[in-house]
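Colleague: As listed in Swiss-Prot for this protein:
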BINDING   LEU21, ARG22, GLY63, LYS66, THR67, THR68, GLU129, ASP130, PHE131, ARG172, TYR182, ARG219  ATP binding site
BINDING   THR67  Mg(2+) binding site
BINDING   ARG292, ARG311, ARG313, ARG316  DNA binding site
REGION    1-182  region 'Large ATPase domain (RuvB-L)'
REGION    183-253  region 'Small ATPAse domain (RuvB-S)'
REGION    256-333  region 'Head domain (RuvB-H)'
Amino acid sequence: MTNRILDMEQMQDEEYVERTLRPQKLNEYIGQDKVKDQLKIFIEAAKLRDEALDHTLLFGPPGLGKTTMAFVIANELGVNIKQTSGPVIEKAGDLVALLNDLEPGDVLFIDEIHRMPMAVEEILYSAMEDFYIDIMIGAGEASRSVHLELPPFTLIGATTRAGMLSNPLRARFGITGHMEYYELADLTEIVERTADIFDMEITHEAAIELARRSRGTPRIANRLLKRVRDFAQIMGDGLIDDSITDKALTMLDVDREGLDYVDQKILRTMIEMYGGGPVGLNTLSVNIAEERETVEDMYEPYLIQQGFLMRTRTGRVATAKAYEHLGYPYTEK
């Protein structure tokens, strides 16, 4: 996969930064108002009844704060949170160890829950629904079934691909939260908050410009802010203003619509080689030398959301906005 500054997946050096910036309470969490408003009600109701919060599924593109939201939920509930991810839970014993370590009301957070092996997932069904698990101990004739009661707990699952969840697993989540790309005003506030925490000087206009080019994604906004700060220190006096922001992002190949060279390559390939489409996903992937899943999951969502690309039954189509943005003449088909 191409190493892009606009990659929505977490890079190796970003875990510490994201932990440092992580809000503790819902009223500190910027954006995602619809999800927050629902969670406030569900959390307060669970606390009033002295019950564990219903199992919660958070889904949406990478970098939008699903992990942060899980930790905020645990803080609001006043309980411990145990964190793991689907690929890490390789066998039933791994999951049993996690479940057996939970206290009443605790949160078990499983990131990338769609990547859990099916054999492990099936153990979760009774754990989520009735708070018990039955496991086999031993092998052959010496094997026996052991019934293990669990304390009431809350499972929070996070996924970028909700469609890959099995129906039985999805049905056991009482609460679902769709994390959406951030509005410009919210992302601007996030940029200014990050700058304040790390003692960076930034003008409001620069924060707006940086947010506008961050693809509606806080992770990208914070990453770009770090890079623009470097430019401000070397090419200026340390102040991040709109001029240095524009120069820095232009040098980083991030245009005014938040598109980088890969996004532009996708659109130019469609326009120059296929007359704007329709183009099949496999054909497009081969032409830009990327995996099909990478194009579908990482590049297309933002291009579609911003109106540069359409998915049709016959393939991908570049829109009039894509032609205009890249300077190509557009003829209505």
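Using N, Cα and C of the backbone, Cβ positions are placed for all residues, glycine too.
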Colleague: Show which residues of the chain containing GLU129 (ATP binding site), separated from it by at least 6 in sequence, have their CB under 8 Å from its CB.
Modeller: ARG172
Colleague: Where does LEU21 (ATP binding site) sit by DSSP, helix, strand or coil?
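Modeller: For LEU21 (ATP binding site) - judged by DSSP and reduced to three states - the answer is helix.
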Colleague: ARG311 (DNA binding site) to TYR182 (ATP binding site): how many Å between their Cα atoms?
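Modeller: Cα of ARG311 (DNA binding site) to Cα of TYR182 (ATP binding site) measures 22 Å after rounding.
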Colleague: Give me the CA-CA distance between ARG313 (DNA binding site) and TYR182 (ATP binding site), in Å, as a whole number.
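Modeller: Cα-Cα distance, ARG313 (DNA binding site) to TYR182 (ATP binding site): 28 Å.
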Colleague: Take the region 'Large ATPase domain (RuvB-L)' (1-182) and average the pLDDT across it for me.
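Modeller: Overall, the region 'Large ATPase domain (RuvB-L)' (1-182) comes to a mean pLDDT of 87.
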Colleague: What is the total of other Cβ atoms whose distance to the Cβ of LEU21 (ATP binding site) is within 10 Å?
Modeller: 17
Colleague: Work out, from DSSP, the number of helix, strand and coil residues along the region 'Head domain (RuvB-H)' (256-333).
Modeller: 43 helix, 9 strand, 26 coil
Colleague: So, in DSSP terms, is GLY63 (ATP binding site) helix, strand, or coil?
Modeller: coil
Colleague: Rank aside, I only need the closest one: which of the binding-site residues LEU21, THR67, PHE131, TYR182 has its C-alpha nearest to that of ARG316 (DNA binding site)?
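Modeller: Checking each of LEU21, THR67, PHE131, TYR182 against ARG316 (DNA binding site), the shortest Cα distance is to TYR182.
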Colleague: Let me check the 10 A CB neighbour count of PHE131 (ATP binding site). How many other CB atoms are there?
Modeller: 17
